[in-house]
Amino acid sequence: MALPRRPPTLTRVYLDGPFGIGKTSILNAMPDHTPDGAPILKVYEPMKYWRCQSTDLVVAANETPERRRGGALSRFQSDMIMASIQARFADPYLLFHERLSSKCRGKIEICDTPAIILMLDRHPVAAILCFPITRYLLGEYSLEMLISSIIRLPLESPGCNLTVTILPDEKEHVNRICSRDRPGETADRNMLRTLNAVYASLVDTVKYANLTCPYEKESWEMEWLGLPWFEESLLEEFISRPRPVICSRTRMPLDRTLLAIFKRKELCSENGELLTQYSWILWGLLTKLHTINVELFDISGMSRRECATL
């Protein structure tokens, strides 16, 4: 009697990074099959949902801070609007992630059925973590709303591959944004610089989580106490400091991760220890990231076809 055929193994690859550097173009340039014949299925950004369903979220996200700076909105009003906008950016990703996670087996098995490769334009971490952190560092998003946002990050099933693309060359980044000329987009150099730094730090954060969770909570808490307070003086250092590649088998210093920006007196006791609820939230963030396989991909000077063939 013939044994029942196993379903094909699903390989998930998320392509993420700052906006305007050409992720969608890279996906378009990718073939539909691997050299071995495995199909490559592509899932693009839900741009129609973002821009055509009621409010144009891209325009609103850029206009709201300007309205606050112009006095048309209070800080509280601006924070609430930005939180709502970021939540709506995240909604399609969370919905699809929930559906996809139900199809992912916890264990990768060898089978005679060709693998299916699913290439996705962005992971939920973009709308829930990276863009809110960037807005927070720019003074456009409150710490309270940021904490509320990261609670929504879903637990990741094993087998997630995250490729973070960055473009440190600001001139090239600005040129790419201007050349596509999308309504409502702005080539704000400060935001682009901050967003690239946040994404580079995301890679360090995932690598830290890979070697810390789920068994090193006490060690993490001791490292936390040694972090300096994240005052305004550390902001420029966070954005501009070099980030040399560290071997993935080496434990990443905590101060290279995104968690360092949460060392704020609003979240801690006088001795720097996290208050219990925030400790749960940040440790929960690490446990949600620790199963992700991550790599950093600097696409400076590369064409989209060159990127797609690597």
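Any Cβ shown, glycine's included, is placed from N, Cα and C.
Since we're looking at a predicted model, the values are computed, not measured.
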Further ATP ligand in Swiss-Prot, beside Gly17, Pro18, Phe19, Gly20, Ile21, Gly22, Lys23, Thr24, within candidate set Arg135, Arg152, Arg176, Arg189:
Arg176
Fewest other C-beta atoms within 10 angstroms, as judged across Lys23, Arg176, Arg182, which are the binding-site residues:
Arg182
Cβ neighbour count within 10 Å of Glu45 (active site, proton acceptor):
18
All-chain count of other Cβ atoms within 10 Å of Gly17 (ATP binding site):
26
Going by Cα-Cα distance, pick out whichever of the recorded positions Glu45, Gln86, Arg182 is nearest to Gly17 (ATP binding site).
Glu45
Among the ATP-binding set Gly17, Pro18, Phe19, Gly20, Ile21, Gly22, Lys23, Thr24, Arg176, as the record gives it, the longest Cα-Cα distance in Å:
14
